Amino acid sequence: MSARTADTTSDLTGLGFILRFYLRLDRTRIIIWTLSFFAIIYLSVIALVESYPTQAALDARASLMTNPAAIMMTGPAFSLDNYTFGAMLSNELSLWTFIPAAIMSILLVVRHTRQEEETGRAEVLRSLPVGRHAPLTAALLAVAVANLAVGSATALALATSGQPIADSLAFGTATGLTGLVFAAIALLTAQLTEHSRSATGMALGALGIAAVIRGIGDVIEPQGSWLSWFSPIAWAQQMKLFVDLRWWPMLLSAALIALLVVAAAALSQRRDLGAGVFHSRPGPATAARPLLTPLGLASRMQSGMFMAWTIGLSLFAVAFGSLATELDSFLEDNPDISQWVPISADDLTLSFASVILMYLALGPVILIVSTILQMVGEERLGRVDGMLATGASRSTLLGAWSAVAAVWSAAATVILGFGAGLGLAVASGDMSWIMRMFTASAAFLPAVAVSGVLAIALYGLSPRLSPVAWVFIAFVTLEAFLGDLLKLPQWLRNLSPLNQTPLVPFEDVQAQPLLIMAGIAAALLALGFVAFRRRDLAVM
């Protein structure tokens, strides 16, 4: 632990300097998150207005909210007997606004706390005249600024799309405070473990548990049971936004934030710099033979992410699939919904099942890109250089990492198809759906592969280009969900690999687009490997 200089007079000395430094580092991220929140929420509200123009359409939508799977994936079912547009926003948009704010907060907090210690930068900072709690406080304040920005963007998007001002402000406040709750949780987990990846995983695990508790609690009682109140997500949803606004549940969020921050500060004072409250156990004196190879090491490092993603998305797939058999009366009252979701009245269940697969394929697409881009962090920390020192070639190292990412993502794709088929089978009583959806999901493997090799090509050219892969993912997601409604030009939509994939099993498999994607994937893969062999490694 570094010594404090004689000029340091308090635990918060240097707070302003560190806060400005963190905000400078995060300015691009905060701007991107803020603009994304505004654009997605604004476009979502406009899309919902056009899709549900009448009370009959809203009533039909309300009928879906009696399904436990729908409640798990959205929120408490308020005001179903008088389902206004505001009630629909409160019930169905809130969860998917609060969760991204929580994820953003977790990533930013860990970046400025545990990751700084893990890389040694915190020790350099502590050599300056700064107080012990100044970096921790600055990290929390920087994330508070980020949540203020996304909360304001949320409120502005709702207000400018025609929603009541008071409820829009409350929605933005709930978004920001929910983000800060999980920022405080991440602040605590950053004290518990020595590794940033573990701290992030623990905080995201807490988010997942909170979402599950909220879901089960609301299934027990559609407007929220006693169990729901054990989840910070439920506190925000229990404000009854656009239904019967009440502010007091946010006091629970504020109290929990204060409690967690005090606990994190206490733990920070009791541990050494760079150490965690829970010390890592020493491993075996010699590594197992598979871990001595690039393939075995890559498999070990990626298996945790694969398991977490697959389990979470599989539960979502089963719930999503169970909804497909309940849409007949819904489509009768909402014929305009086909402008938003590419479904056909000729065979509603089959076409919706195909759309489910397309949406679920976004999970493996994000998984393979995030897995490939882990190499960026490994390289900057000098670990890639260390692995190359063992005698492995650059091509072998990148090939092993890419192969494991491809296998895990392919497995996740077909497992999600199986999960969606299982949900359909349980809801309809037709067990043939399981194999049908399982085999149909394989059609999306080329799209997943193209996304992965794009990340490989960008990483191979330069780690600085890796954010372009996330821009691509954002575009693919926007095209999948809002491409029809926004009437995006066809040439632009054709750039999405999911758009090029036939909506099987509703549509017949067409070999040409799949072969074209395979060819593009091969070219990008070659580019990535050649560029990686020729460029210098980036080490922080």
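For all residues, glycine too, the Cβ spot is worked out from N, Cα and C.
TrEMBL labels come from automatic prediction, so no person has curated them.
Annotated transmembrane segment per TrEMBL: 30-49 (among others), in sequence order. When Cβ-Cβ distances below 8 Å are used as the criterion, the transmembrane segment (30-49) is approached by residues 23, 85, 88-89, 93, 97, 100-101, 104, 145-146, 149-150, 152-154, 156-158, 160-163, 175, 340, 474, 478, 482, 485-486 of the same chain, each at least six residues removed from its ends.
Positions annotated as transmembrane segment by TrEMBL: 93-113 (among others). Note on the transmembrane segment (93-113): residues 22, 25-26, 29, 33, 37, 41, 44-45, 48, 73-75, 135-136, 138-140, 142-143, 146-147, 150-151, 154, 171, 174-176, 178-183, 185-187, 189-190, 196, 199-200, 203-204, 207, 211, 214, 233, 236-237, 241 of its chain, located 6 or more positions outside it, place their CB under 8 angstroms from a CB of the stretch.
Taken from TrEMBL, the feature transmembrane segment covers 134-157 (among others).
The transmembrane segment feature in TrEMBL is assigned to 169-190 (among others). The list of residues near the transmembrane segment (169-190) in space but at least 6 beyond its ends in sequence, with Cβ under 8 angstroms from a Cβ of it, reads 37, 89, 94, 97-98, 101-106, 108-110, 113-114, 136, 139-140, 143-144, 146-148, 150-156, 158-159, 196, 198-200, 202-203, 206-207, 232-233, 235-237, 239, 241-242, 245, 247, 250, 253-254, 256-257, 260-261, 263-264, 267.
According to TrEMBL, the feature transmembrane segment maps to 202-220 (among others).
Annotation source TrEMBL lists transmembrane segment at 247-267 (among others).
Within the chain carrying the transmembrane segment (306-325), a Cβ under 8 angstroms from the stretch's Cβ atoms is held by residues 64, 67, 69-70, 72-73, 201, 204-205, 208, 349, 352-353, 356, 359-360, 363, 367, 371, 408, 411-412, 415-424, 426-428, 433, 437, all 6 or more beyond its ends. Residues or ranges marked as transmembrane segment by TrEMBL: 306-325 (among others).
Among the features that TrEMBL reports, transmembrane segment is placed at 356-376 (among others).
The annotation transmembrane segment is assigned in TrEMBL to 397-427 (among others).
Residues 321, 353-354, 357-358, 360-361, 364-365, 368-369, 372-373, 375-376, 398, 402, 405-406, 409-410, 413-414, 416-418, 420-422, 424-425, 468-469, 472-473, 476, 497-498, 500-502, 504-505, 509, 514, 517-518, 520-522, 524-525, 527-532, 535 of the same chain lie 6 or more positions beyond the ends of the transmembrane segment (433-461) yet place their CB under 8 Å from a CB of it. Look at TrEMBL and you will find 433-461 (among others) tagged as transmembrane segment.
Residues annotated as transmembrane segment in TrEMBL: 468-492 (among others). Residues 36, 40, 43-44, 47, 50-51, 339-342, 358-359, 362, 365-366, 369, 372-373, 451, 454-455, 458, 498-499 of the same chain lie 6+ residues outside the transmembrane segment (468-492) yet bring a C-beta within less than 8 angstroms of a C-beta in it.
The transmembrane segment annotation in TrEMBL covers 512-532 (among others). Residues 394-395, 398-399, 402, 443, 446-447, 449-450, 452-454, 456-461, 497, 500-502 of the same chain, all 6+ positions outside the transmembrane segment (512-532), place their C-beta atoms under 8 angstroms from a C-beta of that stretch.
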(request) Six or more residues out from either end of the transmembrane segment (397-427), which same-chain residues have a Cβ under 8 Å from its Cβ atoms? (result) 69, 293-295, 297-299, 302-303, 306, 309-310, 313-326, 349, 353, 356-357, 360-361, 363-365, 367-368, 371-372, 374-375, 384, 387-388, 433-442, 444-445, 448-449, 452-453, 456, 460, 525, 528-529, 532
